[in-house]
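Enquirer: In case it's useful when we look at the structure, here is the feature table from TrEMBL:
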BINDING   GLY25, GLY27, GLU67  Ca(2+) 1 binding site
BINDING   ILE253, GLY257, GLU297  Ca(2+) 2 binding site
BINDING   THR298  Ca(2+) 3 binding site
Amino acid sequence: MATVSAPKQVSVKEDAEALRKACQGWGTDEKAIIAVLGRRNAAQRRQIRHVYEEIYQEDLIKRLESELSGHFEKAVYRWILDPPDRDAVLANVELKKSGNKHHVIVEISCTKNPEELLAIRRAYHARYKRSLEEEVAYHTKGDTRRLLVALVSAFRYYGEEINTTLAKSEAKKLHEAIKDKKFGNEDVIRILGTRSIAQLQATFNCYREQEGTSITKNLPKDSSDEYIAMLRMAVRCLKDPKKYFEKVLRRSIEGIGTDEDALTRVIVTRAEKDLKEIKELYHKRNNVPLDKAVDKETSGDYKDMLLTLLGNEV
């Protein structure tokens, strides 16, 4: 369930006027911006952007970018975008970075339904004049390229029907590939890149029944091999996305320093989906409410924005 509870009836004209007022004068009224945008759903935010531009003849997103800064600006920018456009931006930012981490590509490929993933690919194409698949192929190589292109190109069946015989057969194929350390096996990539979520869940369950342990426990941990790291992440996302995102949040907060990019990404992208369940899981696993952890590890308007998206009054 979502943590953002938007009112059913809002005046987008009044919201646009409030945002205009917040950006005028000597200083920016960040709290007013949070009060409006932090409590509106995607459809309402889209209407606000359109009405704002009609009234004031300027792009609201560009105005906010010029008024805000730091992690707060990034959180607001990510939040105000339409979800498919936001994911397209997140993917592009990640692909342009040097290094071999492709968390966003795996997350959007393995935790979105087929229509959502298709919308992200269309948004990427419209914004950057290149296909997401093309970009992923350009920025990766070897088995990592094969896996990520397969995942991001998928249009999975989204129903609940499963084939138990197929699940048993493919669980055995996955086990044999892992046992023989043939992680880049064609069957591994084919199964993860084409099967429905329901079918994969059945396959993972059969794997556990056959081998007495979960598939994630049989995959190497903390591997320096880029492909194995991406493979493990894909399996975790496909197997239990809420558990996966809880771990991303935990790792973003624990230890020395806070990974604001990961923290912002999960809260912003899951706030209208399943962040309530992720919060509950975080509390259960860490014996501290996520809200309290965020309050401790962040500050200022950035903290207020995140806490608002987590369902708090600030």
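Backbone N, Cα and C define each Cβ position, glycine as well.
Please situate the listed features within the shown structure.
Expert: Residue density at GLU297 (Ca(2+) 2 binding site): 17 other Cβ atoms are found within 10 A of its Cβ, drawing on all protein chains shown.
In sequence order, HIS71, THR258, GLU260, LEU263, LEU306 make up the list of same-chain residues 6 or more apart from THR298 (Ca(2+) 3 binding site) whose Cβ falls under 8 Å from its Cβ.
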Enquirer: Which are the residues of the chain, ILE253, GLY257, GLU297 excluded, whose CB is within 8 A of where the CB atoms of the Ca(2+) 2 site average out, their centroid?
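Expert: Neighbours found: SER252, GLU254, GLY255, THR258, ASP259, LEU263, THR298.
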Enquirer: Between the binding-site residues ILE253, GLY257, GLU297, which lies closest to GLY25 (Ca(2+) 1 binding site), Cα to Cα?
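Expert: The answer is GLU297.
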Enquirer: Measure from the Cα of GLY27 (Ca(2+) 1 binding site) to the Cα of every one of the binding-site residues ILE253, GLY257, GLU297, then give the nearest.
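Expert: Sorting the binding-site residues by distance from GLY27 (Ca(2+) 1 binding site), the top entry is GLU297.
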Enquirer: Consider the binding-site residues ILE253, GLY257, GLU297 and say which one has the Cα lying nearest the Cα of GLU67 (Ca(2+) 1 binding site).
Expert: GLU297
Enquirer: In the same chain, which residues outside the set GLY25, GLY27, GLU67 have their CB within 8 A of the centroid of the CB atoms that define the Ca(2+) 1 site?
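Expert: Output for this site, in sequence order: ALA22, CYS23, GLN24, TRP26, THR28, ASP29.
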